[in-house]
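According to TrEMBL:
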TRANSMEM  21-44  transmembrane segment
CARBOHYD  N95  N-linked glycosylation site
DOMAIN    97-156  domain 'Potassium channel'
TRANSMEM  135-157  transmembrane segment
TRANSMEM  178-203  transmembrane segment
DOMAIN    193-268  domain 'Potassium channel'
TRANSMEM  215-232  transmembrane segment
TRANSMEM  244-264  transmembrane segment
Amino acid sequence: MLQSLTSNSCVRLIQSNRSAWYFMFLVLGYVLYLLFGAVVFSSVELPYEDLLRQELRALKRQFLLDNECLSEERLEEFLARALDASNYGVSILNNASANWNWDFTSSLFFASTVLSTTGYGHTAPLSDGGKAFCIIYSVIGIPFTLLFLTAVVQRIMVYSTRKPVLYVHTRWGLSKPLVALIHANLLAFVAVSCFFLIPAAIFSALEENWNFLESFYFCFISLSTIGLGDYVPGEAVNQRFRELYKLGITVYLLLGLIAMLVVLETFCELQQLKQLRKMFYLKKEKPQDQQAIMEHDHLAFSSVDHATSPQEEKSDFSGGPL
């Protein structure tokens, strides 16, 4: 008996705090996913890093042997200065001196990556004035960009998602959640084709050192606003039509970001995902005023029931046959 009461109380406790348990499992799953990513990245990339380090050390030793008049300290100082300049997008190589990082189109590309929070990191302000302006520009521009993207996506959603789903639902009489699910998958397929597969093929043709996987990788890293900066188009030596190319990439990033937000918003409106999100969210508590009104109405109805019951009994007795 005691064991059954204990088990019943445990079941009630779990059911009453179901959202908290789901949230705990969500946090645990996220932490495990982070650890899983760290293990995979470390096991895959660490051997390549070690190999590259060994090659660089061998090249350095060979260079010092070939140039005995140069000390290792002077070489270290020179390499440190060159790497520091490279972090700001300035290369010491002769064949890269023709590419300027702060002409108008490159600056426009940089501004778009800052406002979209992509931030490749291949170019950064050099001067103190540029760094200060970048802070002010970002503080104002990032919320402005979010407002702009929200307004654009909200208008596109009407014609790309809500009206087509409603039309198919009313025209053919299909289930609205099913129509929304099929539409979301079709929209995702179109977006992936137009903003990932086709641009990846174009980039692999225009960029000499990029294959299709590297081009697709750039598209994903850019449109997901991760922006690692290891692949940036238009930075090749003697790039043809570089200004026009940079301008086209800026337009592509803006349109691609809007398309990704439309797809994400479409999936977020699915009834299946709404049910999934409710598992982890806290239930909305009713305001005290509304709760007090409901309790008052409940008491009022109960008092009316108690008040009318004697009259009903009286009418039953008086109206019945003798």
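Residue 1 is the first one shown; counting continues down the chain.
Backbone N, Cα and C define each Cβ position, glycine as well.
A TrEMBL annotation is a machine prediction, not a hand-curated record.
Sequence-distant contacts of the transmembrane segment (178-203) (same chain, at least 6 residues past either end, Cβ-Cβ under 8 Å): 160-161, 164-165, 168-169, 210, 212, 215-216, 218-220, 223, 233, 252, 255-256, 259-260, 262-263, 266-267, 269-272. Mapped onto DSSP helix, strand and coil, the domain 'Potassium channel' (97-156) counts 41 helix, 0 strand, 19 coil.
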